[in-house]
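This report refers to the structure that appears directly beneath it.
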Amino acid sequence: MTHDLIEKSKKHLWLPFTQMKDYDLDPLIIESGNGIKVKDINGKEYFDGFSSVWLNVHGHRKKELDQAIKDQLEKIAHSTLLGMTNVPATKLAEKLVEISPDNLTRVFFSDSGAEAMEIALKMAFQYWKNVGKSQKQKFVSMQDGYHGDTIGAVSVGAVELFHRVYGPLMFESFKAPIPYVYRSKSEDSKQCRDECLQKLEELLKVHHEEIAALTIESMVQGAAGMIVMPSGFLAGVRALCTKYDVLMIVDEVATGFGRTGKMFACEHENVQPDLMAAGKGITGGYLPIAVTFTTEQIYEAFYDDYEKLKTFFHGHSYTGNQLGCAVALENLRLFETDEIVQTVENKSEELKEILSDLHSLTHVGDIRQLGFMCGIELVQDKLTKTPFLFKKRIGYKVSLKMRELGMLTRPLGNVIVFMPPLVSTKDELETMVNIMKEAIEVVCQEEEAVFVHDI
Ligand SMILES: *Cc1c(COP(=O)(O)O)cnc(C)c1O
């Protein structure tokens with residue numbers, strides 16, 4: 001039976017972000033989950049060390065969330081949001097506006113983070129047309145930014161490895177540098193920040209009249225390798241957007257819903273974006289709901305007689321899905337009763353201390369963390385910061401070793417990702433970090449043996 005399923009998976013599936021040749025060597029099929037662990041079809045258990053790709057909040061099979069879906073099923077599973085609404089989507093809209101930055105008063109639902117970003121891009125573009133400034137058509141995006149995998153989101157993304165192939169399909173966007181302190185010359189975070197802000201200002205000064213909006217991840221560039229922005233950077237970007245009349249689109253898909261120790265990461269800098277995309281944690285990791293927030297000012301630019309053609313012509317079949325909205329509402333209720341955001345903020349310090357243990361390892365170059373969003377950058381040589389060669393696949397090997405030791409996560413190149421569910425206890429965090437430590441040690445030692453051999 002088990003064997004049969006594995007054969008079927010190899011025969012018919014094509015998995016996202018996966019070289020299927022790798023999958024065929026190490027297939028894994030998850031059957032169930034409980035708390036912060038998942039179990040495969042052979043009964044082996046794993047810590048969900050990356051929250052099932054950065055989603056999970058309260059653990060798996062959370063009683064209240066399961067119940068919210070069952071209760072909603074007794075009423076209806078889905079009806080459309082085109083031209084009408086439904087009960088949970090309406091209640092969820094009110095709740096989301098309540099917990100988001102004050103200037104954001106409108107929400108537009110979709111089904112994934114990439115879509116939420118596409119929607120923000122199209123809204124920004126059409127906003128300027130609707131207010132009679134149609135020369136503002138271009139975007140500024142951040143170096144190494146990631147906003148999802150649809151063509152618009154890829155166009156404002158810049159992760160070389162994922163995006164290079166699709167170059168000819170993309171619309172062009174201006175690229176602004178991002179402060180990557182660990183790999184900057186001076187390693188001085190203020191200097192690094194100010195240089196980047198200065199370059200952004202030079203760009204905006206020349207081009208602002210043709211720029212509709214700027215896109216930026218909030219506080220942490222996730223897919224780029226968990227690169228945490230120095231304090232003052234996001235606020236600095238906000239100030240420049242305001243000064244040059246460019247809309248600011250903040251991507252909170254990874255960072256939103258408590259992940260960094262604030263409900264939304266832009267609160268770290270008191271930033272109020274013009275548009276904000278969120279997803280991932282919104283349903284506690286249960287169902288695909290995403291959301292684009294915007295201001296009353298932008299909303300009003302689309303509000304007119306139908307013949308004026310200012311309508312936002314965009315929508316998806318499953319948008320506003322009742323089961324998803326119902327579980328999102330229950331998720332947000334649990335955020336309050338269980339004080340999730342406060343707990344993550346408090347536990348961040350503990351986690352920082354637990355992680356600092358990894359500094360003693362020969363190949364750990366940098367440990368980056370904001371809340372429960374962490375990346376450990378492995379390097380060939382700590383002193384010179386020389387990276388491991390791409391073909392060594394060091395991150396991948398470490399992740400496979402962790403899997404053997406009972407924990408799941410996916411690397412970003414040479415960066416080991418640690419994104420535990422937000423309810424993880426101190427003990428669980430320690431156990432997971434110990435697994436990481438052992439895996440890094442074992443794999444790097446094996447690599448060193450090979451390395452010496454090479455010479
Ligand atoms: C995951 C992610 C996305 C894309 O979300 P999907 O739901 O996978 O489409 C966009 N932006 C950021 C910052 C993300 O981490």
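Each residue's number is its place along the chain shown, starting with 1.
Just so you know, glycine gets a Cβ as well, placed from its N, Cα and C.
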Q: Report the candidate from ASP40, ASP188, ASP245, ASP251 that shares the pyridoxal 5'-phosphate site with GLY113, ALA114, HIS316, SER317, as recorded in TrEMBL.
A: ASP251
Q) In sequence order, which same-chain residues at least six apart have a C-beta under 8 angstroms from LYS280 (substrate binding site)? A) TRP54, LEU55, GLY113, VAL253, ALA254, GLY256, PHE257, ARG259
(Q) Tell me the Cα distance separating TYR146 (substrate binding site) from ALA114 (pyridoxal 5'-phosphate binding site), rounded to the nearest angstrom. (A) 10
Q: Run through the Cβ atoms and count how many others sit within 10 Å of the one on GLY315 (substrate binding site).
A: 15
Q | Residues among the binding-site residues ALA114, ASP251, GLY315, ARG410 that border ligand 1 - Cβ under 6 angstroms, in sequence order | A | ALA114, ASP251
Q | Pairwise Cα distance maximum in Å, pyridoxal 5'-phosphate-binding residues per record: GLY113, ALA114, ASP251, HIS316, SER317 | A | 23
Q. Listed binding-site residues are TYR146, GLY315, ARG410; which of them have CA atoms within 10 A of the CA of ASP251 (pyridoxal 5'-phosphate binding site)?
A. TYR146
